[in-house]
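Engineer: Before I ask anything, let me first share the structure, which is written out below as C-alpha cells.
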Amino acid sequence: MTSKLEQKETPQANGAVLPVVPGERLASPERAEPAEFLGPDGTGVEVVVLESRANAKGVREEDALLENGSQSNESDDTSTDRGPEPASPLKETSFSIGLQVLFPFLLAGFGTVAAGMVLDIVQHWDVFKYVTEVFILVPALLGLKGNLEMTLASRLSTAANIGQMDTPKELWKMITGNMALIQVQATVVGFLASIAAVVFGWIPDGHFSIDHAVLLCASSVATAFIASLVLGMIMIGVIIGSRKMGINPDNVATPIAASLGDLITLALLSGISWGLYKELESKAYVNLLVCAFFISLLPIWIVIAKRNSATREVLYSGWEPVIIAMAISSVGGLILDRTVSDPNFAGMAVFTPVINGVGGNLVAVQASRISTYLHMSGVPGDSPETAPRKCPSPCSTFFSSDVNSRSARVLFLLVVPGHLVFLYTISSMQGGHTTLTLIFIVFYMTAALLQVLILLYIADWMVHWMWGRDLDPDNFSIPYLTALGDLIGTGLLALSFHILWLIGDRDSDVGD
C-alpha cells in the first residue's frame with residue numbers, strides 16, 4: 001500500500017512544493033538526490049520536498065519539512081498558528097497630517113507658554129534665589145517628562161496601530177506594565193537628576209551644602225513621581241480616545257503629553273521645593289523622609305513591571321537613553337542657571353520652556369510616526385526595505401515623496417506661525433517684561449527654525465539607525481531627541497540673547 005503525505009496548502013516564501021514520483025530523481029538547481037524512497041512494505045512512497053532556495057538568513061528548510069511530514073495531520077495545518085498580517089502603512093496627505101497635528105501642537109504650545117510664565121514668576125522666590133541649583137533641575141525634569149511620557153505615548157501609539165490593544169485583556173496588560181515602568185524610571189532618573197544638579201552647581205562655585213542636596217533630591221524625586229503618574233494616566237486616556245475617534249494616535253498623543261506636562265511638572269517642582277525649603281530651618285528631616293518614601297516604593301513598581309512581558313525588556317534595557325538624556329538636559333539646565341543669574345538676561349526664563357517644548361513636541365511626533373511606519377513593515381533589524389540610513393541627505397529628509405518626508409515638511413512649516421502666536425501671547429500677558437521688536441523676533445525665529453531643522457534631520461537618521469541595530473525606536477529615540485532639543489534650544493536662545501545684548505537692542509528691554 002502506498003502511503004501519501006498531504007501537500008501543505010500554505011504558500012511557502014522560500015520556494016515551491018513539488019511532488020516526487022517513485023522511481024524518478026529530483027532535479028534541482030542546487031542539488032539532485034535519489035528519490036527512490038521505500039515504505040515499510042517495500043513499495044514507493046510519495047513525499048513532499050521543498051525546492052531548495054536559501055532564505056534571507058541562509059537557512060535551508062527541506063529537512064525540517066520532511067521531518068514534519070512524518071507527523072500527524074494536525075501538525076500539518078499551520079494556518080491557525082500564523083500571526084496577523086502586518087498592517088499597511090498609513091495613507092495620509094499633508095493636509096490630514098497638518099490638520100491632526102495643529103490642534104494638539106497649539107495646545108502643547110500654550111502649555112509651554114504657561115510653564116514659561118510660571119518660571120518667570122517663581123524665579124524670584126527664595127528657594128530659586130538661594131538654592132540656584134533648582135534652575136538646573138528645570139530642563140532635566142521637564143525633559144524627563146518628555147522622555148517618559150512621550151516614549152510611553154509613542155510605545156502605546158505603535159501598539160494601538162498594530163492591534164496590540166484591541167482586547168480588554170491586552171489593554172489592561174499594557175496599562176499596568178507601562179505605568180509601573182515609568183514610575184520606576186521617574187524615581188531613579190529624578191534621583192540622578194538631583195545628583196547632577198548638585199554636581200553642576202558645586203563645580204563652578206566650589207560650594208556644597210548637604211541640606212540643599214537633600215532638598216534637591218526630595219524635590220526632584222517627588223516631582224518626577226507625581227508628574228509621571230498624572231501624565232501617564234492622561235496619555236492612556238488620549239490614546240484610547242483617539243483610536244475610538246479614528247485619529248492616528250501618533251499625531252496627537254505626544255503633543256498632548258506635553259500640553260500640560262511642562263506646566264504640571266514646573267508647578268510641582270516650584271511648590272514642592274518651596275514647601276521643603278520652608279522646612280529646612282525647623283524640620284530638616286522632612287526632606288530626608290520625603291526622599292526615602294518615594295525610593296522605598298521602587299520594589300513594588302519593579303515587581304509589577306517585571307511580571308509584564310511588554311515592559312520587562314524595557315525595564316532591563318531602557319535605562320541608557322533616559323539617563324544619558326537626563327545628563328544632556330542637565331547641561332542645558334546649567335546654561336539656563338548661568339544665564340538667568342545674569343540680570344541682563346533675566347527675561348530669558350519665560351522663553352526657555354516655549355522654545356524647548358515646541359522643538360521637543362515636533363520632533364517627538366516625527367520620531368513616533370517613523371517608528372510606527374517601520375513597525376508596520378517588519379521587526380527591528382529584519383526589514384531590508386527600511387534599512388538604516390548611514391547619512392541621509394537633507395533632500396531625502398525634507399523633499400522626498402514618502403510620507404515621513406511629507407510630515408517633516410508639515411512639522412517644520414508649523415514652527416513660524418506657532419511661535420508667532422506664542423510670542424504674541426507672552427507679550428500680551430507682559431511675560432518677562434519683554435517688548436517684541438523686529439530684531440528680537442528675527443533672532444528668536446532663527447533660533448527656533450534652526451533647532452527644529454536640526455532635530456528633524458537627526459530624527460530621520462537616528463530612528464533608522466536604531467531600527468537597523470535591532471533597537472525599538474519607540475523606547476530609545478525620543479529621550480535622546482527631546483534632550484537634544486532642550487540643549488540646542490537653550491543654547492541657541494542664550495546665544496541670541498547674548499548677541500542682542502552686545503549689539504545694544506535696548507528697545508526689547510531684554511534685561512528688565
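Every residue, even glycine, has its Cβ placed from backbone N, Cα and C.
Automated prediction, rather than curation, is the source of TrEMBL annotations.
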Engineer: Check each of the ranges 1-41, 370-410 against TrEMBL and return the one annotated as region 'Disordered'.
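Structural biologist: Matching range for region 'Disordered': 1-41.
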Engineer: In TrEMBL, which of 127-147, 316-336 is labelled transmembrane segment?
Structural biologist: 316-336
Engineer: Counting only pairs 6 or more apart in sequence, are there at least 3 Cβ pairs under 8 Å between the transmembrane segment (478-503) and the transmembrane segment (213-240)?
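Structural biologist: Judged by the Cβ rule, the two regions do not touch, with the required three close pairs absent.
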Engineer: Mind checking which residues of the chain, 6+ beyond the ends of the transmembrane segment (408-426), have their Cβ under 8 Å from one of its Cβ atoms?
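Structural biologist: Counting only partners 6 or more residues beyond its ends, the transmembrane segment (408-426) has Cβ contacts under 8 Å with 94, 97-98, 101-102, 105-106, 109-110, 112-113, 116-117, 350-351, 354-355, 358, 362-363, 365-366, 397-399, 432, 434, 436, 441, 444-445, 448-449, 452-453, 456, 460.
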Engineer: Take a look at 101-121, 179-201, 284-304, 316-336 and tell me which one has the most Cβ pairs under 8 Å to the transmembrane segment (213-240).
Structural biologist: 179-201
Engineer: Below 8 angstroms Cβ to Cβ, which residues of this chain, lying six or more residues outside the transmembrane segment (179-201), approach it?
Structural biologist: 132-134, 136-137, 140-141, 144, 147-149, 152, 208, 212-213, 216-217, 219-225, 227-229, 232-233, 236, 291, 294-295, 297-298, 301-302, 304-305, 308, 311, 314-315, 318-319, 322-323, 326-327, 330-331, 333-334, 337
Engineer: Using DSSP, how many residues in the domain 'SLC41A/MgtE integral membrane' (352-495) fall into helix, strand and coil?
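Structural biologist: Summed over the domain 'SLC41A/MgtE integral membrane' (352-495), the classes give 116 helix, 0 strand, 28 coil.
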Engineer: Should anything in the same chain at least six residues away from the transmembrane segment (284-304) have a Cβ under 8 Å from its Cβ atoms, list it; otherwise answer none.
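Structural biologist: Apart from its flanks, the transmembrane segment (284-304) reaches 176-177, 180-181, 183-184, 187-188, 191, 211, 214-215, 217-218, 221-222, 225, 276, 315.
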